[in-house]
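*Asks:* Quick one: this structure, given as structure tokens, is what I'll be asking you about.
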Amino acid sequence: MLFTVSCSKMSSIVDRDDSSIFDGLVEEDDKDKAKRVSRNKSEKKRRDQFNVLIKELGSMLPGNARKMDKSTVLQKSIDFLRKHKEITAQSDASEIRQDWKPTFLSNEEFTQLMLEALDGFFLAIMTDGSIIYVSESVTSLLEHLPSDLVDQSIFNFIPEGEHSEVYKILSTHLLESDSLTPEYLKSKNQLEFCCHMLRGTIDPKEPSTYEYVKFIGNFKSLNSVSSSAHNGFEGTIQRTHRPSYEDRVCFVATVRLATPQFIKEMCTVEEPNEEFASRHSLEWKFLFLDHRAPPIIGYLPFEVLGTSGYDYYHVDDLENLAKCHEHLMQYGKGKSCYYRFLTKGQQWIWLQTHYYITYHQWNSRPEFIVCTHTVVSYAEVRAERRRELSIEESLPEIAADKSQDSGSDNRINTVSLKEALERFDHSPTPSASSRSSRKSSHTAVSDPSSTPTKIPTDTSTPPRQHLPAHEKMVQRRSSFSSQSINSQSVGSSLTQPVMSQATNLPIPQGMSQFQFSAQLGAMQHLKDQLEQRTRMIEANIHRQQEELRKIQEQLQMVHGQGLQMFLQQPNPGLNFGSVQLSSGNSSNIQQLAPINMQGQVVPTNQIQSGMNTGHIGTTQHMIQQQTLQSTSTQSQQNVLSGHSQQTSLPSQTQSTLTAPLYNTMVISQPAAGSMVQIPSSMPQNSTQSAAVTTFTQDRQIRFSQGQQLVTKLVTAPVACGAVMVPSTMLMGQVVTAYPTFATQQQQSQTLSVTQQRQQQSSQEQQLTSVQQPSQAQLTQPPQQFLQTSRLLHGNPSTQLILSAAFPLQQSTFPQSHHQQHQSQQQQQLSRHRTDSLPDPSKVQPQ
């Protein structure tokens, strides 16, 4: 019994120990798990922090367009730090360690502050005047960009009257020492002189203004300058700029303004595209200014609140800004022009503003104007202004000048300073430089060395006036256009001597190499102008020849269509009376034999161009028609006397013309109906000449200022023997085509029997006198306008043809005129029956 109790106690103790051991193990596992979790959390936190730092470091490295791994980021960071350490060591070596320089300022900052305080800028030039370096502070003082001055000659920015003096100063100071030793360069080479320098302008057409400045500096040898401190000079300086014995020597100077400027433009922009915001009332008063404004403009918000924005604008920009604000009030938003804003440091800074009007959300009334101001550089402003003025930027021109000048410098040998000084003694205006820039084309002043202030350009007093390049081109073109050049040989004969002179011209003894190169360039420009003028003259000659050829073709076409007369009539015979070919000169009058036509074609009369004032005058036309009657009675036909028509031909043509111009056309064969209009003049009296038709080379036909009548010639398929007459003579009656000739209609009446007989007898006498071979010169007074009673009689078929041939002309007259014509026609028909009876005294016996 006792043994049993002890065994049970032992078993309970063993169970208790096992449970305690298990519990201890579980507790240890929990502790390890907690430690592991905390360790993992800390490790993850460390990795995340490391990744953030690597990412931030990679964002600061250049060339981070693609994603870089950690090793690349670390490698680039190491390279950057190594280079930065080297640069820092070099800057520490050249750091100014003087008591007068604050230790908290770097060299660049101290230099900029000193230049602003002195109203000056740094300038490094070679001994021949070539500029190799200029500081950025030149923009705020002379309104030049550094790129405008670098690689240019200093003499391009100095008046011509001071060229010789400045050149002597730069050259003679070097010649004081035989050898450029380091001791001389350190001790005795300080140089000071004063002169005028050209101010820059946005618009090159503005008058040039010069600023009186003072140069203070010394000569430096580029050999003693370390390669890291060259600042790119080595690539800028060309070998042709350095004479042999003065190699790698330049004059470094501080250029100061004699008259200080109290308000200057800010020369540089630290960070481009800097901007700040502001709010303005509708009266343009400041209501709000954000935190980005004070570092830019210098004002704190409380200093500008309540003030007008116009208090800070430049006076020259107020007009343009007012227009921009008017546009804003009309459209609600917009962008301003470039304008200057006065900073707290009394400097002008260029800004451009984007603005819009905000409205109240309940009543939609305008509340205020929100503005975003952006800082712009002077280079952007000048480029934009010149684009608005359609002026090319000077940078391409400078590049072109550099390429041209480098070639000219290679061709011209550099002369020594001693020879240059000898030329100074013999020549009043020595050489300046072989370079020529666009700036020098605006400089024109007399000797201004005695004027210590700003001097505007005087364009009237100096003998040598410089003009812009486009004005020179205009003057040269006007001078060339004023000279009359009539052929191609003139232009070619002018260009060839100029070219030979430009290639073979020797250099005069008293002229420098640079002046000769300038003259050579001028002669080359003159040659180009002459060649251009020659091409223009050749084009004009070809155009005139083409016009002359077309005029000749038109004249031949007119004569081929309407001026050849065909007559095919089986029985009747037509005799054309005297045809007179007259001219303005009585010695040139030629007589033509009468033309007898029996159904033949009229031969053409050749008219030579030697008749400069020749006129073709058809003085008389006698048409006699023999009727086929059994009684063999011959009756005379009324005379159709056409008015004189004169045609003036150009004396330059050597072509020939066909038969004389007639107002009537005789058609021999059937043809398609056509209409030809020939203007004819209505003479006022018997002493006036007929209409003059002048054919000129401008393809126009001009007529005299007298009264004109358009005679319509209608050709239609008619039978042989029909005689076509002008439509102004309608069925035997004179018709006035224009109301202005109503006064002459009263004079147009039918001829009586006695007048017809007298006219017939006089015309027969003239006909017989023309046929004599030794007849003297004929003089015929101008004929009056066509006055006749009848054209044809005794032939009803012919009258029907005439009435059918002119239906258009009859329909054009008013009804009242038509009735009047019919009444007059009936009276004349009855009168003609009595007039057509043959005269017994003139009837030939059978």
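Here the Cβ of each residue, glycine as well, is placed from N, Cα and C on the backbone.
According to Swiss-Prot, the protein has these features:
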CROSSLNK  Lys67  SUMO1 cross-link
CROSSLNK  Lys842  SUMO1 cross-link
DOMAIN    34-84  domain 'bHLH'
DOMAIN    262-332  domain 'PAS 2'
REGION    450-570  region 'Interaction with SIRT1'
REGION    514-564  region 'Implicated in the circadian rhythmicity'
SITE      Arg39  site 'Interaction with E-box DNA'
SITE      Glu43  site 'Interaction with E-box DNA'
SITE      Arg47  site 'Interaction with E-box DNA'
SITE      His84  site 'Important for interaction with BMAL1'
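Set these features in their place in the structure for me.
*Replies:* Close to Lys67 (SUMO1 cross-link) in the fold, though at least 6 residues off in sequence, lies no residue with a CB less than 8 Å from its CB. According to its DSSP assignment, Lys67 (SUMO1 cross-link) is coil.
Per-residue confidence over the domain 'bHLH' (34-84) averages 86 (mean pLDDT, predicted model).
DSSP places the residues of the region 'Implicated in the circadian rhythmicity' (514-564) in helix, strand and coil in these numbers: 49 helix, 0 strand, 2 coil.
Every protein chain shown contributes to the tally, and the Cβ of Arg39 (site 'Interaction with E-box DNA') ends up with 10 other Cβ atoms within 10 Å.
Classification of Glu43 (site 'Interaction with E-box DNA') by DSSP places it within a helix.
Taking the Cβ of Arg47 (site 'Interaction with E-box DNA') as reference, no residue of its chain lies under 8 Å away while being at least six apart in sequence.
Under DSSP, His84 (site 'Important for interaction with BMAL1') is assigned to a helix (H, G or I) in the three-state scheme. Taking Cβ-Cβ distances under 8 Å and a sequence separation of 6 or more, His84 (site 'Important for interaction with BMAL1') has no neighbours in its chain.
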*Asks:* When DSSP states are grouped into helix, strand and coil, how many residues of the domain 'PAS 2' (262-332) land in each?
*Replies:* 29 helix, 15 strand, 27 coil
